[in-house]
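Worksheet: the structure to be examined is printed underneath.
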Amino acid sequence: MKKKPFYKVLYVQVIFAIIVGVILGHFYPALATDMKPLGDGFIKLIKMVIGPIIFCTVVTGIAGMEDMKKVGRVGGKALLYFEVVSTFALLLGLAATHILRPGVGFNIDPATLDGKAVASYAAKAHGQSTVDFLLHIIPNTMVDAFAQGEILQILLIALLFGSVLAHLGERGKVVTDFIDGLTRVLFGIVHIVTKLAPIGAFGAMAFTIGKYGVGSLVPLLKLIGTFYLTSIVFVLVVLGTIARVTGFSIIRFVSYIKEELLIVLGTSSSEAALPQLMEKLEKAGCSRSVVGLVVPTGYSFNLDGTNIYMTMAVLFIAQATNIELTWMQQLTLLAVAMLTSKGASGVTGAGFITLAATLAVVPTIPLSGMVLILGIDRFMSECRALTNIVGNGVATVVVSAWEKELDRNKLRQALAGGGEVKTTEAAGV
């Protein structure tokens, strides 16, 4: 097959669009801020099909399972994996902040901080208790779940729908075939919308730089650098070790999903690449049933980047305001963060709202301290989203391997760039 010219390759177009967006935002900020609808429009187009795609993928995956116990087994393994890896992410955030101490030297007096700017985030955080979160998973109506684009609600409906179809067997085959065909149509729509990714990335990046300016990063550059460095270490060391044990290379995996990562980088939304990620994972040898269960669930329960950010941000505020936290308080912070981070993707301004919820349970640190990082949160959200999407991709491959539903030949071929492979199963990639 003839190779595409480099300028027609999607990730090259996205990189170029991001660079142009940065230039426009820096030199013509007023014009750049007007580009925001381009980024918002692209994300809305993607979100338009996320709900139906998750529903169809999960339903066809479960309907194709002969043993319904398998659904519970896959879900249980996924949740166990999420909890263990999330704990590593939280601990790494704490450790990195202790070692690099990005907040030391600020000497901020908490009494001088104006908490009005974060009041709305704090209010939302207080309004989301554990019981509220669990009840929120149950939609008022099936239509309402799709209309609001609530991933966990759609996942619940899909689990019930798929379970019934699996129970019906041949009698439900007509419905299963219809949903399978609908899945193909929806992914076709995604392919069309994805071609607009450079425009969306340009608009989102131009707005960010135009509104906040590169100069606004300088005073808090140490925190941003610490967060990005810690996230890279997490991906290469923690996820890299998990990947190596499972039998593939994290570097090759990241390279395989580079188009999805660039879309996330440009839009600062991990949801913008969810449909493409699911399709890529299936092509890489993960079974549809595992992809359908693990990826959507991971978007609420496996937010590795958000976990690193939360413990790091809390400790940064403590350091900046010269507040010493005891080890017991830090263990409390860790335990609270493990709970507040779950379901964060279902809330607007997720990272900041979860941070407010965590701080509310550690009264030693003033909630008004969030003002210190409010201005740079937008610049850190890209790294959160990138780490989250890599983490969910790795989780899906790992759970597929645990279930012995990972086609290693397909995985090896995909990560090698689509070259020919032997039919014998590879020991590693």
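Each residue, glycine too, has its Cβ placed from N, Cα and C.
According to Swiss-Prot, the protein has these features:
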TRANSMEM  9-29  transmembrane segment
TRANSMEM  45-65  transmembrane segment
TRANSMEM  79-99  transmembrane segment
TRANSMEM  149-169  transmembrane segment
TRANSMEM  185-205  transmembrane segment
TRANSMEM  223-243  transmembrane segment
TRANSMEM  308-328  transmembrane segment
TRANSMEM  356-376  transmembrane segment
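Comparison of 45-65, 149-169, 185-205, 308-328 by number of C-beta pairs under 8 angstroms to the transmembrane segment (223-243) places 308-328 first.
79-99 is the stretch from 45-65, 79-99, 149-169 with the greatest number of Cβ pairs below 8 Å to the transmembrane segment (308-328). Highlighted: of the candidate stretches 79-99, 149-169, 185-205, 149-169 has the greatest count of Cβ pairs under 8 Å to the transmembrane segment (45-65).
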